[in-house]
Amino acid sequence: MRVNCSSSSACTANSSEGELPVGLEVHGNLELVFTVVSAVMMGLLMFSLGCSVEFRKLWAHIRRPWGIAVGLLCQFGLMPLTAYLLAISFSLKPAQAIAVLVMGCCPGGTISNIFTFWVEGDMDLSITMTTCSTVAALGMMPLCLYLYTLSWNLEQNLTIPYQNIGITLVCLTIPVAFGIYVNYRWPKQSKIILQIGAIVGGVLLLVVAVAGVVLAKGSWNSDITLLTISFIFPLIGHVTGFLLALLTHQSWQRCRTISLETGAQNIQMCVTMLQLSFTAKQLVQMLSFPLAYGLFQLLDGFLIVAAYKMYKRRLKNEHRKKDTGCAEGCHKKKSTSLKETGAFLEALTLSPCQSYFLPGMWI
């Protein structure tokens, strides 16, 4: 299998790392506006998330990259293998099988950073993993695709979007670097920026999801098999990522982070690669899968966040009940102690009179 990078406009047209594909059968002006707006909003979002990163902790992850290593193993070990097994198990058509495999070989997307923040995960590890997986994709994507397609006898050469990967790295690292600097110089202001960024992130996800579906409505088809795979694939990524992190004795905070990083793929990169490698006729059978995957990974992320918030609220209520019970118990003990002390003092006060009193006479 030959891999190369084309100078096609498809690379430059997908310069942002939005989580849903754009530019599918839409007018050029609308596509350009959506791409530019998505790029600007994504840059601002990554800047705000960078305000939660401490350079000391970031450097600690780089010096001792155990969490990063587990994340990369999930990203380029578990996900491509899962994609291959799903394609074989569901007996997909060649074009559909390639779309599923390409998705599994893509690096993590920035959507995982947003969800990691909402579940109070390790933001330093999350951003480091996203960056490292994007860098590793330069070599791991062609390697994984070559290994898993050896037995498929592909008629079409796959084109790795190296230019898109490079642009993604720039759009990711520069805003985050500015955010880390702001957090170092002005920690109080960075907390405010972070809270605003969390709200902007939620709005961005909804806007990109709705706009991506509307702009790419011509690429949808009603293949139930692909929809089923797009639903279970991110779930498998989340579960297996969490279990592998748990087996390698990572902290609960890191387990949540690695789980979200594993199931959230870079949808934009997958679409770009398919556009560069296949004809318009072949794309009709392929593009519905990354569209559906992007929507389902958004849905899964929101469900995970909701479950975590409910879990935290339940723990908070339990702690509140325990504290209330402890306070009532301490109050009862204090009241009992005061009564006993009063009775003891009363006994001491009466004892002198009683000691000189005998029945029927005074001494």
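Count begins at 1; order follows the chain as displayed.
Note: Cβ is positioned from N, Cα and C throughout, glycine not excepted.
These come from TrEMBL:
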| type | residues | note |
| --- | --- | --- |
| TRANSMEM | 32-55 | transmembrane segment |
| TRANSMEM | 67-92 | transmembrane segment |
| TRANSMEM | 98-118 | transmembrane segment |
| TRANSMEM | 125-148 | transmembrane segment |
| TRANSMEM | 160-184 | transmembrane segment |
| TRANSMEM | 196-218 | transmembrane segment |
| TRANSMEM | 224-247 | transmembrane segment |
| TRANSMEM | 290-311 | transmembrane segment |
**Q.** Range from 98-118, 160-184, 224-247 with most C-beta pairs under 8 A to the transmembrane segment (67-92)
**A.** 224-247
Q. Short question: which residues 6 or more past the ends of the transmembrane segment (98-118) have a Cβ under 8 Å from it?
A. 17, 19, 42, 45-46, 49, 52, 71, 75-76, 79-84, 86-87, 92, 126-127, 129-130, 133-134, 136-137, 140-141, 144-145, 148-149, 154, 156, 158, 165, 172, 194, 198, 201-202, 205, 229, 233, 256-257, 260-270, 273-274, 285-287, 289-290, 293, 297-298, 301, 304-305, 308
